[in-house]
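K.L.:
Taken from TrEMBL, the feature domain 'ABC transporter' applies to 57-303. Per TrEMBL, the feature transmembrane segment maps to 401-422, 434-455, 475-502, 511-533, 539-560, 631-652.
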Amino acid sequence: MASLHPSHSFPKPSSSRSAVLQQGVIEIDEAINLTKMEAGESNNNTQQLGEQNGICLTWKDVYVTASMGRNGSRAILQGVTGYAKPGQLLAIMGPSGCGKSTLLDTLAGRLGSNTRQTGEILINGHKQALAYGTSAYVTQNDTLLTSLTVREAVHYSAQLQLPDSMSKAEKKERADFTIREMGLQDAINTRIGGWGCKGISGGQKRRVSICIEILTRPRLLFLDEPTSGLDSAASYYVMRRIATLGQKDEIQRTIIASIHQPSTEVFQLFSNLCLLSTGRIVYFGPASAASEFFASNGFPCPALQNPSDHLLKTINKDFDQDTELDMNGTGIIPTEEAIGILVKSYKSSERNQEVQKEIATLSKKDTGSKDKKRRHASLFYQCIVLTKRSFVNMYRDLGYYWLRLVIYIALAIALGTVFYDLSNSNDKIKDRSSILSFVSTFITFMAIGGFPSFVEDMKVFELERLNGHYGVTAFVIGNTFSSVPYLLLVSLIPGAITYYLAGLQNGYEHFLYFFCVLFSCLMLVESLMMIIASIVPNYLMGIITGAGIQGIMMLVGGFFKLPNNIPKPFWKYPLHYVAFHTYAFQGLFKNEYQGLKFYMGQVRGGSNNYIISGEEVLRNIWQVDMNYSKWVDLAILIGMIVLYRVIFLVILKTTEKVKFIVASFLSVSPKRTIQIIENPTATPLHGEVV
């Protein structure tokens, strides 16, 4: 074998040369060691900078009770304590109903109005509320516009959330980088997908939801069941992406996720573990040490078994089964007793003392206020983006307008052929009134068919509003303007077919008025259904409610029962004047009958046909108020559109307050008071008044 050393044929170096070589080797070694030390110091400095710029979240003795109405209240969390640090992934685990999502919502400040929370929650050592841009919350369900592509969904969200100080190119670059960050570049031009349209997978949808929420580069990220509904492979890839988010950029993120049943690979990604059972802490500490804690208390994890499965099986009492207690090889005890042993053991353990010390250290460490509110895009720009996004969604969603347009055209053809080419004879007076009433009632009534799409829009809005992407005003304006072009189209084509096939009064002015009234009625019905969608977010209940309201309005509108014959209490005053059908009937009737003459046939003993004017028909037959013109009726309809939209806006702004008032009224009971008195602490959430 060839030697790596110099051959013996070469002369040996002198002692002076040998000393020089040895000195050179020493200097090289010192340089290498110095480089390693500098690299280590650089990494430490980066880590310290990330921790300094990150968010430390601590909570101590957190109690949460949920009001059950007149049945009292139920304790969901009982004295929960813990912390989350920058650069770490904290997993909240436990069986169903243990309080995982409640704890997550409590820390994020998103508890419902029927809950009451006490305890100390500090952000970087301060009592303060989380502001927009500081934190992000990814819900369990992926509420996305299914007609958009991945790129469009993230880009539109970036334009809504990021401030006007960033250029359009910078927002696009941020969105594209976030898409690549979550590994979605291969599906960037694929639609989200939903009913009738195949799209991306469940794991990719979850990553799109995460993309949308991390566009503002939040320092604190909450995730509720991020692996729900995913297979083991998809769960691992999603959680791996989430875990790497904590180490991205110079600012390390604090990540808190509730998770139900992770695989072994996913479990290894957790930095810390918060294990809950019946609202109590069973274990808090490094995830890798959880199995050792259970084993030390007589619950060792069997060989080749997923640690998370073993932990959850041990503390799950849902099925009232027994848990094997392997202490000195014997013993079987009830699950409830096993949970009690673990809870008691944790409270007296060194691990709990370490958690208390860490919380005290983090609480005293003044890192300054890191939750300064970041700016959104301006209201004007948000309205433009929402209008454009809604327009695209309406264009691609066949059930929104296109299906209705096809049905309207079919009905218009049927209506026009049934009442084809109306003449001015006596028997056509009723026909003209019938076709006009059908258009203003049953044609507009079918606008309730878009209610399922309205409900989906409301779901997206409620999520994005809760996450602070934009406000109520921008949504209402965007939704209103995006629907106008489609309603104009739906009004124009079927309206023209009906009008000219039936041979209604000639003249562009008359057709234009007919078209404007039809458009106004469709707009009013859509506004009414949006109001219902904001209150009754259920397809069947919403459609029934909308149909019932419109049915009553039709009944008192003045066609099925003449205005002077409507019972005055309630039905005429005020309901007859509240129903938009009243002004639609009167406006269309005036538009059609004024200026026409109808031949009633020969009068007995006379030689000429008796002629009746359209004004007489309006006044004597249909009891139409002739004291004002048809344009006043149209103006009233347009005013009602504005009024309905304002009501929609007000309801969206006050819905949560109304719910809170109702819940507060129903939740007054002795049981609830007892739950709060038993709580040893009473610190408002994030410094807010409870």
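Backbone N, Cα and C define each Cβ position, glycine as well.
TrEMBL: automatically predicted annotations, no manual curation.
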K.L.:
May I ask for the residues of the chain that lie six or more residues beyond the transmembrane segment (511-533) and have a Cβ under 8 Å from a Cβ within it?
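P.N.:
For the transmembrane segment (511-533), the sequence-distant neighbours (Cβ-Cβ under 8 Å, at least 6 residues beyond its ends) are 439-440, 443-445, 447-448, 450-451, 454-455, 457-458, 479, 483-484, 487-488, 490-492, 495-496, 499, 504, 542, 545-546, 549-550, 580, 584, 587-588, 591, 630, 633-634, 637-638, 640-641, 644-645, 647-648, 651.
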K.L.:
Take the transmembrane segment (401-422) and find every residue of the same chain, 6 or more past its ends, with a Cβ under 8 Å from one of its Cβ atoms.
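P.N.:
Here the qualifying positions are 394, 428, 431-432, 434-435, 438-439, 443, 446-447, 449-450, 486-487, 489-490, 493-495, 497-498, 500-504.
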K.L.:
Compute the average pLDDT of the predicted model within the domain 'ABC transporter' (57-303).
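P.N.:
Mean model confidence (pLDDT) across the domain 'ABC transporter' (57-303) is 90.
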